[in-house]
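Enquirer: Could you have a look at this structure, given as structure tokens, before my questions?
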């Protein structure tokens, strides 16, 4: 079973049981972003997490095995067209050099890791319209000199 | 004077006076991310902010005028090659569909605005290596039906 | 059932019953543009609209469920080749900077939303050849400063 | 003098005289969209319009000649990155097939001309936030059979 | 039945009956170029033409229906690789600006329509090697001013 | 002197002397399409033609030499954006396979040469709107077998 | 049967019978390069050659018919990634302008035909490592003037 | 002095002295293809060859130094547009898999080197039109196993 | 059986038998990198190696035959998106010109062969975090002069 | 002074003084790869290293300042065309999935850092032709779960 088929099985079970990603994440004891990304095939689950998830969703061991496999990450669309995802791309386009300036100013030459990295999504109620809050947290990695 | 020339003038003055973006931002009373992006030519400054900034940096009125102009935003590089900026692109590639799932789950169909939007960068000290924390906050815009 | 399969089912039913998009839109009480785009899988329908549409077209609940799902929007063709759609792309190429100038002149720095957005198509009879009239109406979103 | 240089001369004169595109358009008796596009080098002006415009802006005959020249139209950026212009591209991506369906339904097989074409921009005041209204009007051209 | 399937059915029937495109075109009373393009799915046939063609080729009404449908035109290959088709692309690359100069010189600013357009292919016998003659005839459309 | 500079010199002289491409072509005894393409740097002129042209336009021997040089042909824009030139590209996209079918039907396997090739542009008066007539004539080259 | 399926049938039969392309080519009386290219679907075979080949390989008339069909030539990969084929692409990149200079020097303005063209591959034994010798031979086509 | 400037100096001197590439190559004792490619900046010359060439063409030591520098090879155009060079690209597209088959058949798995490589251009007189003969000769490199 | 199917068969057998690539490589007496690449379809195995591997993994002769076939190498993704593979691409982007300088400095003009080439992966334990060590070893190939 | 100008100054001084990168690296006490990359503008030098280098090469403080600046890394060429650099790209194309398999096998899910990373180039004498040895050493970064 491929990771794509496993993702479809998870999404189907989630829909049948009328569960949310938040509920599934809480059940397996991990964050919603990480849990969702692993279910969609963009992260690999340790065996115990994958098994707990499959038990919760009544899915077989072949789904668990696929969720544990190490994924080929990323999408085939160089510039995303879905408006929600494009806005994130636009933020990189517009604010990339700004973030480069400020991270270098605070930390020196190096990067924010996208591997030793966590992310959370929150809903911030606002009378003028609720707001989406994304928090990214990555280890600063200084360029090595040798 | 173009926005590119104005950006060069600001960066030169900042360097000569040994200032940081944080200090410049504090002086004009705005956040570091917005101030830096406007100095780099990716946002437009209101006249009073641009004038205050130019006075602080001893720059002439033609720089202020250029900082007030409405920019053509974005970069010419479809896939960024600088490692710091590429990691942000990679996050969009890897976590785009995950964020789509979770934002839709919390808010329904719609997007996070990249226009009614703020962002902050923080340094989080950590004994295992300091961490970069990015906080993005955008208004949720539901798709209109008509 | 995917949104692509649902779209095929709707198009087939529409053809069998010799209906127009205008008639379907009128039946569900929405505009033709929005109704068509939702049937083609580029917008999501609220449950009551999807159910009404499926009842009208004698389609099952799995079609309704697919029509309610939140779509991945946009096309895979970066530059459209169909002449009708290309002309719209050409208008963006030729008049993009002009619209940028005029919207900024009237509203200041910001954009026309494509989310809080409506569109209508009309036929304008003309003895020298009938004309297509497209009306787009999007909320102006000023760039936030922070 | 190239059309690019002429455009810069017009923009500079407009800025020096603190004029708007609407005022310039009114002076030469044409619409704001067409006048702006011609000044930016995306349409050609008849001699009398170009001369009237240059007289109004105190620009020499070489500017008038450049404004009369027939332009190479379009931009070099296949996918626009400026958010205002990108939203128009996104509308083509999301609603292109919908407009194809509806135009064919109302008119038969053919296209909306982008040549025999007019466009207007209006500001629609709205207590929940002003709105941008774009009206496009193009001759329907049926595909010829032979 | 899709237009692709209809095209395959027509090509198969043509091959079985050992017919040429010229003979098929003559039978339905249209030109060879238009008839071939409609059979290949790049133009839509009026009902009477499609029915006559299907009767001639012993094809069912579902083929006729597909031939009447309005096509998505164009190819997915941005630069064609087949030598015969590439040579046409090369002519556009090499002679595009020349044709722009000469059409503007004869007609003023505007374009040759590819919609109100006919084309014919002829074989011109020549002792040094027969020649292909392509004749294109499109309505001149002047750019509208408004 | 490069071919680009020579082209600018010819275009300037043509404009100063209020000549048309047709008049220049007549003067040097060649067709308008070939003469224009050679002046724009997409074909090379024999010495006697280049000298005659330069004498007629009062241009020096360095222009003549540049017009005789063998050009790098073609444009840097893969998909043309100018509407007049794009329509020619669209014709290749829409009718490429049709022309392939018909040329093979009339001649067998091979191509129409774009080297042993001539082209003419004519204006065809028409009460419903004048028409552009393009005639292309290329030697048929059969694929060699060996 | 498509040309792709015919190619697979030929390759399978060749493998089953433990034949080489050279042997197949010798049997049908043509060169190895042309024969291989026709079997792979990049050239069309005359009926007698295709029938002889199919008889030799015990393949049916539908394979012969597919081998006679006129192919859409070329590959979908713009830059080849296979090292053997990439080296040929690299030679074009590195030596393209050199060949242009030398062919023009020897022949005047024109091209080497890729249609009236033959190619052979030889193995040249060499104590320091055997060498591949490719010989291409194409008719020189001078640019026509008109 | 860059290699581009050196190439311009060589081409200018060649033109002033009315020399051919063949004559220059003969003078320095190397083949025309290699000499031309090195003059155009796609190969590096040993000091003695570069000095001999510069003496012959009356060019200074800075030209010789630039001709000795190691080049960045290749062109920026992914698909060449000049017809002469495109035909070579087309040969790679059409015959790439054929050459792969035949080289593997004769040599086993490996490639033809484009580094340990020579090439010659010849003119083959032919009453039906002279022909261009290109001979490429590259060392076969078997894939190493380890 | 294609090489893709053979790769799937090998990966499945490896997983069923709970083997590592290192173990498989040791069994067939080759290095892990070469063995893995050949199993994944990017190198061809000699018959004895393929047979030994298939015997060890209980796979049939059709798998062995596919492993012996000469592959079309490389991936369809021009810029890799998987983070592990992208980092290798990034190293080429960032250090390509540096390696060019240093290899030319040590060896003169030429390249490192990717054909006569070996590679090894090692794990280097490190208290601050284990490290990946890649060793590449390719024959230096000097550019031939002729 | 930009990093590009600083690189040119360093290369010029290195050439004038007939130094090698190895000698410069030894002088500043860093490795040749890192030193060269920093001189070419792809890494930033600490002040003391930059000053030492500039003193050694008799370059002014503005060069030192530019060498200390934080670079925008990477090249504009998506697929490199220079043969030496292309071979590295080819290795990524051919061996990327193999390295992914083996690194995951040895370390689990994660990547080799290109930031906490060193690289060395060595010349390995070999009677059959000297060999280039590249050693890359990057910290393994496991994907974080949260």
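Yeah, the Cβs are placed from backbone N, Cα and C, and that goes for glycine too.
Just lifted these from TrEMBL, have a look:
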ACT_SITE  B:87  active site
ACT_SITE  B:90  active site
ACT_SITE  B:113  active site
DOMAIN    B:74-146  domain 'Cyanate lyase C-terminal'
Enquirer: Roughly how many angstrom lie between the C-alpha atoms of residue B:87 (active site) and residue B:113 (active site)?
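Expert: Cα-Cα distance, residue B:87 (active site) to residue B:113 (active site): 21 Å.
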Enquirer: Which three-state DSSP class does residue B:113 (active site) fall into?
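Expert: In the DSSP reduction, residue B:113 (active site) maps to strand.
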Enquirer: Would you kindly give the Cα-Cα distance separating residue B:113 (active site) and residue B:90 (active site), rounded to the nearest Å?
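Expert: The separation of the Cα atoms works out to 20 Å.
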Enquirer: Listing the active-site residues B:87, B:90, B:113, which lie under 8 Å (Cβ to Cβ) from chain I?
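Expert: Near chain I, the qualifying active-site residues are B:90.
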Enquirer: With an 8 Å cut-off on Cβ-Cβ distance and a minimum sequence separation of at least 6, pull the same-chain contacts of residue B:113 (active site), or say none.
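Expert: Once residues fewer than 6 apart are set aside, residue B:113 (active site) is near B:138, B:139, B:140, B:141.
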Enquirer: Let me know how many other Cβ atoms fall within 10 Å of the Cβ of residue B:90 (active site).
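Expert: By my count, 23.
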Enquirer: Determine, from DSSP, whether residue B:87 (active site) sits in helix, strand or coil.
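Expert: Helix, per DSSP.
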Enquirer: Just name the active-site residues among B:87, B:90, B:113 whose Cβ comes within less than 8 Å of a chain C Cβ; none is a fine answer.
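Expert: Out of B:87, B:90, B:113, B:113 lie under 8 Å of chain C.
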